[in-house]
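Here Swiss-Prot flags Gly60, Glu61, Pro62, Gly63, Val64, Gly65, Lys66, Thr67 as ATP 1 binding site. Positions annotated as ATP 2 binding site by Swiss-Prot: Gly466, Ser467, Thr468, Gly469, Val470, Gly471, Lys472, Thr473. What Swiss-Prot lists as coiled coil is 247-385. Annotated region 'NBD1' per Swiss-Prot: 14-196, in sequence order, evidence recorded as similarity to another entry. The annotation region 'Linker' is assigned in Swiss-Prot to 197-406. For 416-618, the entry in Swiss-Prot reads region 'NBD2'. The annotation region 'C-terminal' is assigned in Swiss-Prot to 619-715.
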Amino acid sequence: MDFSFTPTPDKRDFLKEMGRSINDEVLKNKVDPIIGRDNEIRRLIEILSRKNKNNPVLIGEPGVGKTAIVEGFVRRVVNNDVPLNLRDVEIYELSLSGLIAGTQYQGEFEKRVNGILKQVKESNGKIILFIDEIHQIVGLGRNSSSGAMDIANILKPMLARGEIKVIGATTLKEYREYVEKDGALERRFQKILVSEPSQQEALTIMRGLKTRWELFHNLTIFDSALVAAVEMSARYIPDRNLPDKAIDLIDEASAKIKTEMASEPVVIDTLKREIINLETEYAALKQDKENADNKKKQGHLDNLKQQLDELKKKRDSLTAEWKKEKTNFESINKLKKEIEDLQTRLELYQTEGNYEAASKILYYDIPKLKNQLEQAQKKYVDSKHDLFKTEVSENEVAEVVSQATGIPLKKLLETEKEKLLHLGDEIKKRVKGQDAAVETVVNTVMRGRVNLNDPNRPIGSFIFLGSTGVGKTELAKSLAEVLFDNEKAMIRFDMSEYMEKHSVAKLIGAPPGYVGYEQSGLLTEAVRRKPYCVLLFDEIEKAHPDVTNILLQVLDDGTLKDSQGRLVNFKNTMIIMTSNLGSNYIMENKRDLAMEALKKHFRAEFINRIDEIVFFSVLQKTTVLEIITNLLDQLNQRLAKQNLKFTFDPKLNEFIYKSSFDEQFGARPIKRFIDRQIATLIAKQILEGIITKDVSYNVIVEKDKVAIVANKVKS
């Protein structure tokens, strides 16, 4: 009896198990077409046609289209638009995660890798491997306990002999960190640098993808939306690359409209809610009528019934129109999809040489469907009632950018136009006596909002010069509140905290090797999170010169790199710096001398980059009296929240002015006086039970002192 054992040969198809055929996906029209990138695809073909070192690796920043270049090459292979030596080749994308999954036993991983490489080698160049994120092959499969080799070392000998062809793709950073460290692996690949496309090239790529998006989302995308996506993404999303970021904007804007199309129109939804409210009221009144019959109530019920009938009739009519419009629109998209499928089959038949089937599609099927499409579009236009949006315009793209960045980019509504036109008046309600300064800042905001400012610089940069307490910081606060309805939209840096040279690290982050390197800088991180804001550098003259030097790049180019090398965009910020330099000259109305003091303290290149140097005037008596009235009104509002009724005697303003105002210290002593002399007195009397809620009080001046007089009123 023969007990010898003959092992069954392993017939597993490792390549199909752990990879995907890109050729099949192109044939099934699952891969988006690529327009452009001809130079990169030509270089890829040239490297693959070499005798040795015929393994290209695409290197570029994330989102520039490395994988799309490979898919574009495969499409050319499928269409026989490549040299003879590359015709009929099949490109498989290798799944590295699938390769390593379940390899718990020693030798299982090597078996899979060798099985794949054997299949590729035996194909005699007819199979090419594509490895996305190729840097991951370094160290993949290595086990320190078993001493197994990683996939990179298994590949090296076969790559060197030209037995297999591999296309790789990775980013510049990861190529440098992983592949370049292994010199033997690096020299087996030929680099193809994939740079970010220009705006015009990105627009061309997107125009090629437009039809695919329209068919997927069942809507129409205007060309103006594509242009807006490219321009806005380039300007407002600087930390990502074209065309990926522009594609994302169009995709999200389309998804937004698609969601709205799937939902009931707002007008029908509003009618339904109105009907529910009236039906509830009708049912309640009808129940009352049964208990106590009443002619007046009966008349009201009849009126409600009539309203309900009219609303239901309107709802049913609009619902029927909406469904009809939706059905017509869906039939258009169905025809478009059929035409696209026929175009794909036409290309396939032409490639295979089946000209009879190709001519039937070209001269009979496609013209027939195009004629049906034309009729369906005419029918849709005739029955259209604009109950739902079916188009993506630049406004939808702007809305997506606004949601992502917080920058208002939608077309100006009438209400916002009014707000901008009256911006100065709103700020002047808070900042008194500095009309020239307010106008300068407001004009800059208006230019920025209608995109007339230099797009490569911040919205505006100012130095506010003036003595303490004249409203420099208050103007910055009020600007943030009026523009963003929130004072917190202003990011404030007190420059007295940045008097040391090393404090630069606080703003942009600590350099490598120092404690806190992993943490982001206060300035750069704040602007990354809130790119549309007012930046206030309070008392800039107190900062160390090296701190002001880092602002040079911000003021000139609107960008700044943090310690991690990330580029932060300052182009949508308004930069305000306050200073007390030369305040004694400003008080004497000698502005030339104040400018000299500024020039002595700051370098010429710093001052030259500032848009406006704004002088704040000394507060006049009429202005101070207005400020006193404002402060007393604010105090009264706080008292009113506690249901306490107070009035202030007109003579009180003059008394506060004489008792507290000092030209040298500005308006701040006035606030301190009101807090100490009036607010404190009221607080004491509340605690003592003298002030109660059922009494109205008048704050007066009596014998050069503040006094509170009570008058009885009806509660």
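The backbone N, Cα and C atoms fix where each Cβ goes, and this holds for glycine too.
Since we're looking at a predicted model, the values are computed, not measured.
Positions of Swiss-Prot features highlighted on the structure.
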residue : record             : DSSP (3 states)
Gly60   : ATP 1 binding site : coil
Thr67   : ATP 1 binding site : helix
Gly466  : ATP 2 binding site : coil
Gly471  : ATP 2 binding site : coil
Requested in this report: Please work out which residue of Lys66, Lys472 has the most C-beta neighbours within 10 angstroms of its C-beta, and give that one of the binding-site residues.
Outcome: Lys472
Query - When distances run from the Cα of Gly60 (ATP 1 binding site) to each of the binding-site residues Thr468, Gly469, Gly471, the nearest one - result: Gly471
Requested in this report: Tally the residues of the region 'C-terminal' (619-715) by DSSP class, grouping H, G and I as helix, E and B as strand, and everything else as coil.
Outcome: 51 helix, 20 strand, 26 coil
Query raised in the report: Same-chain residues six or more away whose CB lies under 8 A from the CB of Val64 (ATP 1 binding site)?
Result: Val194, Ser195, Glu196, Pro197, Asn241, Leu242, Pro243, Asp244
Query raised in the report: Given the binding-site residues Pro62, Gly63, Gly65, Gly471, which one has the fewest other C-beta atoms within 10 angstroms of its C-beta?
Result: Pro62
**Report entry** All-chain count of other Cβ atoms within 10 Å of Glu61 (ATP 1 binding site)
**Finding:** 16
Query raised in the report: Across the region 'NBD1' (14-196), what does the pLDDT come to on average, as a whole number?
Result: 84
Report summary line: Within 10 A of the CB of Ser467 (ATP 2 binding site), the number of other CB atoms across every chain shown is 21
Query raised in the report: Which number gives the other C-beta atoms within 10 angstroms of the C-beta of Gly469 (ATP 2 binding site), all protein chains shown included?
Result: 22
Requested in this report: Take the C-alpha atoms of Val470 (ATP 2 binding site) and Thr67 (ATP 1 binding site) and report the distance between them in angstrom, rounded.
Outcome: 59
Report summary line: Val470 (ATP 2 binding site) has its Cβ surrounded, within 10 angstroms, by a count of other Cβ atoms equal to 31
**Report entry** Thr468 (ATP 2 binding site) CB neighbourhood, other CB atoms within 10 A
**Finding:** 15
**Report entry** When distances run from the Cα of Glu61 (ATP 1 binding site) to each of the binding-site residues Gly466, Gly471, Lys472, the nearest one
**Finding:** Lys472
